[in-house]
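Report on one structure; see the data block that follows.
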């Protein structure tokens, strides 16, 4: 066992003495040492109840003959960090989480790991660490929040995005402040990751699809006892993975990532998956290009219309059979799902889905009756984004799939939000929010406040928003992010001027600035890089090390 290097033999008497000071017995020290990576805290709704999950995991580890040793990681709530300086720190926390798990697991010679994440950057950060460390690892997430119900109208579901969009509705006079207060109180009724197909749930579902979580990991609600039982099963299962030498490199293969991308497209997941899956794959020695994402989107249909794109929530997907049912439906089409990929169950994808439910035709549509023939995400290229940009095409109204309009240019999210709230944005406009990329932000903030304000004001069907920042999984409309190269790196987005004509053609995967190449080059030759917005601390170091969004915003070294 790896832990023998820190606990066995004469020279390790001091180490054993330290373990005994905590209360571990010789019997416990002699067992496999299983690191329990618990990201619980009291500020993130999806992490507020993770101590209960950790206790269940430890029970499972003990039942299977291991010794669980718990340690913590940080975790940021993107919703609470939204639209202020805090959002600059969210994406950067992904790398910090991966590094901290690597440090703890290596320094203490753990034999295997059980990861307990739930929300946006914690899930990919832990997956990156799992791939890097390549110790036997299993994931058990905290589970999704239940959707809220509008008081007096139990058939009307509400969620966090309902609140964000209601702010814009109040500002435009379309909703009374009293109704906003009612929605605010009703939208988030339980702990858990926010209830739609937003970033956290996207990543939890893809963790299951790629094989690193047990069936149900992505969809069983946080408040259900099934989640606790699953945690115990994960604790027991990790000892089997250790015994059989099943490490992440045997699960997170190139074929498994293709499976995850197919599920991504079927679910209509967050655009943030285009950052996270390549970053995780990079740690696993697998390459995921933007062209591959378009390739799979072209053949994997959009089967589930989940909030913010549709009326259903993760609890509905769970009741319809969850990720295993989605995998089973996709597997009916040759080339979409590789059934031979290994999972943490010890069985293959094909063996797991053999007992899964069939698509119900409503929450999970069949291949013959998809919401859209293509997948939920699309990557666009053109002279405005030579290295690509990303849109959740499943959340764009039909008439905005092709659009041309004048650029309304802003150098920060705050300036753009003020313009929207002040009524200065008109139908047909194309908002350009720049210097919000990985380096320029720094940290590539999510533009959920401006997209929600547009939706709340009824402008999401007539106004596009383009940014080198990114979007929450809760954003909808023609919200095009991850423009690469970013403005801070001298990308063409840096020299867009107020009133320039921008063309968008999502079906053709094109985005352009109606200027000839010579004019764009002339403007770029006169461009000067602005001073960094943060000059000390972690995010200053992050801005120096981070790469472009088109490669997953990973560190260069």
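Glycine is no exception: its Cβ is also placed from the backbone N, Cα and C atoms.
Swiss-Prot lists 120, 121, 446 as Mg(2+)-binding residues, and of the candidates 78, 398, 500 the one it assigns to that same site is 78. Cα proximity to residue 472 (active site, proton acceptor) (within 10 Å) is found for the following binding-site residues from 121, 194, 446: 446. Summarising the environment of residue 446 (Mg(2+) binding site), the number of other Cβ atoms within 10 Å of its Cβ, over all protein chains shown, is 32. Other residues of the chain with a Cβ within 8 Å of the Cβ centroid of 78, 120, 121, 446, the Mg(2+) site, are 76, 81, 87, 90, 91, 119, 199, 200, 272, 472. The Cβ of residue 121 (Mg(2+) binding site) has 75, 76, 78, 90, 91, 93, 94, 97 as same-chain neighbours under 8 Å, each 6 or more residues away in sequence. Within the set of binding-site residues (78, 120), the lowest number of other Cβ atoms found within 10 Å of a Cβ is recorded at 78. Every protein chain shown contributes to the tally, and the Cβ of residue 194 ([2Fe-2S] cluster binding site) ends up with 30 other Cβ atoms within 10 Å.
Residue 119 ([2Fe-2S] cluster binding site) has a Cβ environment of 28 other Cβ atoms inside 10 Å.
Of all Cβ atoms in the protein chains displayed, 28 besides its own lie within 10 Å of the Cβ of residue 472 (active site, proton acceptor).
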